[in-house]
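Feature list (source: TrEMBL):
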DOMAIN    23-414  domain 'Major facilitator superfamily (MFS) profile'
TRANSMEM  21-40  transmembrane segment
TRANSMEM  63-84  transmembrane segment
TRANSMEM  91-110  transmembrane segment
TRANSMEM  116-137  transmembrane segment
TRANSMEM  149-169  transmembrane segment
TRANSMEM  181-202  transmembrane segment
TRANSMEM  266-291  transmembrane segment
TRANSMEM  303-325  transmembrane segment
TRANSMEM  332-353  transmembrane segment
TRANSMEM  359-378  transmembrane segment
TRANSMEM  390-408  transmembrane segment
Amino acid sequence: MGRADAEEGQLPAPVKPPDGGWGWIVLLGCFVITGFSYAFPKAVSVYFKELMKDFHVGYSDTAWISSIMLAMLYGTGPVCSIMVNQFGCRPVMLIGGLLASSGMILASFTTNIIELYLTAGVLTGLGMALNFQPSLIMLGTYFDKRRPLANGLAAAGSPVFLSSLSPLGQVLLEKFGWRGGFLIMGGLLLNCCTCGAVMRPLDMGMKRKMEKAQDKYEAKEMLPIGGKSEEGISTTDGTKKAKKAKKKTKKGKKLLDFSIFSNRGFIIYTISKFILVLGLFVPPILLVNYAKDTGVPDTEAAFLLSIIGFIDIFARPACGMVAGLKWVRPHVAYLFSFAMLFNGLTDICSARASNYTGLVIFCVFFGISYGMVGALQFEVLMAIVGSQKFSSAIGLVLLIEALAVLIGPPSAGR
């Protein structure tokens, strides 16, 4: 019976996070996925000036591309949660990688702005959503004690990719035009499939142990009947009970858990994130075009996003390390509140930036505050709802934030 209990304790839900091992590979995959998910919609803004000329549209029209992409990333959260609960993280991520890549490849052949909305916006955004959420869920299952640090390191993917994708986009634009740039970007997004392939579920270890137990029993069957044989029988009985318990768990598993709305902390978190997201993505999306309009050369304007990304690279892991300290972790929600306030004040002060130097100073402080928010947002959510309800919680939060993401940048552009 003791052996059976041990096996039952190794079902997917209660498996103890290893806080290392293969978790570091999962962290690397999450780093890449987070980088593409958050940086890609902003890096695409480098192409907006050419799109405005080719399709004879304005700021607000082109800003909708990034907004739709981000809205799909956020708004499809519940759908993604249901798919993950039904099929697991790895298959969902592989499909998402193919969709994200095909969206940008098809976008390179579009002839009007509406087709761009459907390909680069909807299709690529959906593909990135099917990668982003499962990667965070897998990170939460592999890390517990080191989770704040792991979240900070994974979140650093956003600034690393932003600081590289933006200049890369400018180079591709100059050499191949926006169509060639979109085509190459689509090829880069195929790396999401590789990241999905390394997301090995934790219960794989349990299956191996069950197979070893079965082999052990078969070997003991060859021995004379006695205590050892009985032990082998009890082992295989335990294995059968573990399989039955696993089947019951799958059958009784909710596709989407709405009980989290009874958690007051979750409601407060959702409302505050909605207000924050209304303006959070406005500066990165519109900053390059704003700088170009003030007379800043194209290359230097694109470099502004690299400054935000460079500062952000150090801000996120550093904030994750601070959040993981023993005396800080119980109060991490207050640190997150400070980060949101700091970000808002930075945006207000940006109105004083009337030249390139002022824009650089703004980018430095925005990068710090943006990095703090990025490093803490999912750590705080998991601390509020727990790892068991995290897949449903993140899906519902992203859905609510989708409206803010959709109306924020176009409203600012107008």
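Numbers here mean position along the shown chain, with the first residue as 1.
For all residues, glycine too, the Cβ spot is worked out from N, Cα and C.
Nonlocal intrachain contacts for the transmembrane segment (332-353), taken as residues 6+ away from its ends with a CB within less than 8 angstroms of a stretch CB, comprise 148, 265, 272, 276, 279-280, 282-283, 319, 322-323, 359, 361-362, 365-366, 368-370, 372-373, 376-377, 379-380, 383-384. For the transmembrane segment (359-378), the residues of the chain that approach it from at least six positions outside its boundaries are 38, 136, 151-152, 155-156, 158-159, 273, 276, 280, 283-284, 287, 291, 296, 304, 307-320, 323, 332, 335-336, 338-340, 342-343, 346-347, 349-350, 353, 394, judged by C-beta separation under 8 angstroms. Between the transmembrane segment (266-291) and the stretches 21-40, 63-84, 116-137, 303-325, 390-408, Cβ pairs under 8 Å are most numerous for 390-408. Here the listed stretches are 21-40, 63-84, 91-110, 303-325, 390-408, and the one with the most C-beta pairs under 8 angstroms to the transmembrane segment (149-169) is 303-325.
In this chain, the transmembrane segment (63-84) lies apart from the transmembrane segment (303-325): fewer than three C-beta pairs between them fall below 8 angstroms, excluding pairs fewer than 6 positions apart. Residues 39, 42-43, 146-153, 155-156, 158-164, 166-167, 283-284, 287-288, 291, 332, 335, 339, 359-360, 363-364, 366-368, 370-372, 374-376, 379 of the same chain, all 6+ positions outside the transmembrane segment (303-325), place their C-beta atoms under 8 angstroms from a C-beta of that stretch.
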